[in-house]
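In TrEMBL this protein carries:
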- 73, 114, 115, 116, 147, 148, 175, 248, 328: thiamine diphosphate binding site (BINDING)
- 146, 175: Mg(2+) binding site (BINDING)
- 277-441: domain 'Transketolase-like pyrimidine-binding' (DOMAIN)
Ligand SMILES: Cc1ncc(C[n+]2csc(CCOP(=O)(O)OP(=O)(O)O)c2C)c(N)n1
Ligand SMILES: CC(=O)[C@@H](O)[C@H](O)COP(=O)(O)O
Ligand SMILES: [Mg+2]
């Protein structure tokens, strides 16, 4: 690592010879494999941009020149070269290095948002600002993947960039994949451009210059291409061809996704450490069963077949599973079309990415009473993927959607049951949401009233404790503790939280106080909806709403964030104790 130790900032690259750069690339790969094997992270994407990033930092002078990473999951090499090697011992950890660009870490970082297809819009905006402010000596460079180009926002931006003619360098990192091989006509076009360079294809047709295709692993060739692009002073696409996972055989040959996002692994074999059954694996298994029984059920993914658990369904029913690219808006609106065509689409996305298609859920699906089921994985606090990945916005948004129904399973058995209940609904959108990680043991109910499961009852009706989804377990634990303190708690799981079940309101009115614990944003969350329903019933039973505060939460493990935010059994006990003290007289 002799060379890598010499690199404290991008300008330390300037004096290196060709052979030294190649040796440095090797050292960087060793460094990445070692760091990510301990912490987990986006190994494949970063192994694929080692030479590209070296060339970028030799041709452009960051931070005076502005580098904009789309998604930002491929910024590890950029961080290694901008003085943050030491931080990798805490990659994706609380108080450590973010897995995405982070302004608080470095002036070299700009976009912190890990949602794809946005960087080109940033580039257009910055280029416009430079024109208005007559800034002429700062290049605007965006690095965008072929997958990110399948997102609609990217084409909104390209339309503006190409139309305006301002100097923007678009470094297209084309490794032919998102997680899976990139889909659609664009993928075919890029393949054609890679294999038979012509006049720059769609980019030239839009009015941009096109440089390439260039071998993204050939530093010298990349530097020539980037210098050429820089000299043109107008919109230009540099089409770089790279290999995801390059230089580490287990990643480069990983059949699923080239180790796009991998947990801690054995660095000698590339095999991830053992993982427990996840919520996702339960969804995968039940979807296969549903697919066997219901020929009208089809699935849609936005370039995340594996991570959302749909890969086995796609394998078994290839004609009934659609990968639309990183295009959540299209996925939701196409689902409305699929429903109109007599099918029942299951749209599987991460909760945080549902934000992208809120209008389509509202106006294309719900307005038309379309029987579409949205399955939201990574709902609630995800933690190590940083503030833009927490699934904390979905319920706050979805509470606005007329007719939409939301299920939040508490365990595997309920996930299976509620997925089936959801696909039975043919005249309205349904949502089933569950968190990242291992699914706990099943929690039996002692009674059911409408959709509401009673999980335990105390000696008196002091507190109605509503445990939403994965927090039902903590609520049951809290109920038992409170019983020992002489506080009578009824622990319930509403199962379907929207519309608010009438049975839940009735139960609330029969208690002195209500506490709701939910792994979702507090604004417009389950507690807020229940409080509103109680008011609408003319009652004033106080409701304590435990949830995720509406702030951007720094990187930390999910369990750590739940504890920090008071979403544990201990914190629920305290909340209930206080609620009884303040509650209505018995
Ligand atoms: C709106 C949105 N949807 C889904 C994702 C999940 N995601 C992160 S990276 C990625 C694939 C990106 O592919 P590409 O742009 O080609 O970059 P590469 O990983 O190949 O370097 C996806 C689907 C996301 N970050 N944002
Ligand atoms: C960058 C991105 O959006 C995805 O790769 C995401 O980081 C994956 O998250 P999981 O690791 O929870 O599947
Ligand atoms: Mg790609």
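Each residue, glycine too, has its Cβ placed from N, Cα and C.
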Cβ contacts of residue 115 (thiamine diphosphate binding site) (under 8 Å, same chain, 6 or more positions away):
71, 352, 353, 355, 356, 388
Other CB atoms, at most 10 A from the CB of residue 73 (thiamine diphosphate binding site):
21
If the criterion is a C-beta within less than 6 angstroms of any ligand 3 atom, which of the binding-site residues 73, 115, 328 pass it? List them in sequence order.
none
Check the binding-site residues 73, 146, 328 for any whose Cβ is under 6 angstroms from an atom of ligand 2, and report them in sequence order.
73
Hey, which of the binding-site residues 146, 328 is the loneliest by Cβ count within 10 Å?
146
Including all protein chains displayed, how many Cβ atoms other than that of residue 147 (thiamine diphosphate binding site) lie within 10 Å of its Cβ?
31
For thiamine diphosphate, with binders 73, 114, 115, 116, 147, 148, 175, 248, 328, what's the maximum Cα separation in whole Å?
32
If you measure residue 146 (Mg(2+) binding site) to residue 175 (thiamine diphosphate binding site) at Cα, how many Å is it?
7
Give me the non-local Cβ neighbours of residue 175 (thiamine diphosphate binding site): same chain, 6+ apart in sequence, Cβ-Cβ under 8 Å, ordered along the sequence.
48, 145, 146, 216, 241, 242, 243, 244, 258
Which three-state DSSP class does residue 175 (thiamine diphosphate binding site) fall into?
coil
